[in-house]
Ligand code: ZN
């Protein structure tokens with residue numbers, strides 16, 4: 001298993017729409033392991049493939065509590081098939097936008113259709129943190145970030161901050 005480097009805002013990859021996975025094979029299962037290891041290492045509770053630079057419709061998550069056994073889950077070609085009218089507000093963060101958190105309102109419950117690592121089609125009815133996490137990660141597959149739900153003022157502030165951080169990370173040019 002390999003820990004992969006994370007794609008960080010304002011990398012334009014984060015705005016790319018990911019393509020459906022066409023075949024579930026050993027290469028894909030290996031990639032899912034890499035994604036999980038990268039997520040646990042960060043640490044985070046969810047990760048979309050695009051966040052490690054692969055524009056595939058695939059995500060991993062583990063929303064188990066600290067005192068519970070690990071519960072890694074892999075969702076391939078996930079699709080929200082129904083949403084509750086009732087909303088839920090949850091504080092969200094993102095491994096691609098480190099150390100920034102904000103409250104986001106989303107449907108409290110969603111039903112998601114997906115393919116598992118055996119290539120079988122499955123359906124999950126999610127609520128609570130699982131519903132929030134699934135919606136956040138599925139957004140990534142469509143190039144949408146949680147800061148898109150904030151006011152333009154807040155979003156611009158975050159983007160500006162991360163543009164500056166990215167600039168500071170670049171090595172200084174040699175002069176002369
Ligand atoms: Zn995220």
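Placed from the backbone N, Cα and C atoms, the Cβ positions cover glycine too.
Any TrEMBL annotation is an automated prediction that lacks curation.
Keep in mind it's a predicted model, so treat the numbers as computed, not measured.
Taken from TrEMBL, the feature active site applies to 137. Residues or ranges marked as Fe cation binding site in TrEMBL: 94, 136, 140.
For the recorded Fe cation site, residues 94, 136, 140 set the reference point as the centre of their Cβ atoms, and the other residues of that chain within 8 Å of it by Cβ are 46, 48, 51, 92, 95, 96, 137, 139, 145, 146.
In the three-state DSSP scheme, residue 136 (Fe cation binding site) falls into the helix class. A C-beta separation below 8 Å, combined with a sequence spacing of at least six in one chain, links residue 94 (Fe cation binding site) to 100, 136, 145, 146. For residue 140 (Fe cation binding site), the count of additional Cβ atoms within 10 Å of its Cβ stands at 24 [all protein chains shown]. Sequence-distant neighbours of the residue listed as 'active site' (same chain, 6+ apart, CB under 8 A from its CB) are 46, 47, 48, 59, 61, 75, 78.
Cβ-based neighbour count (10 Å, all protein chains) for residue 136 (Fe cation binding site) stands at 24.
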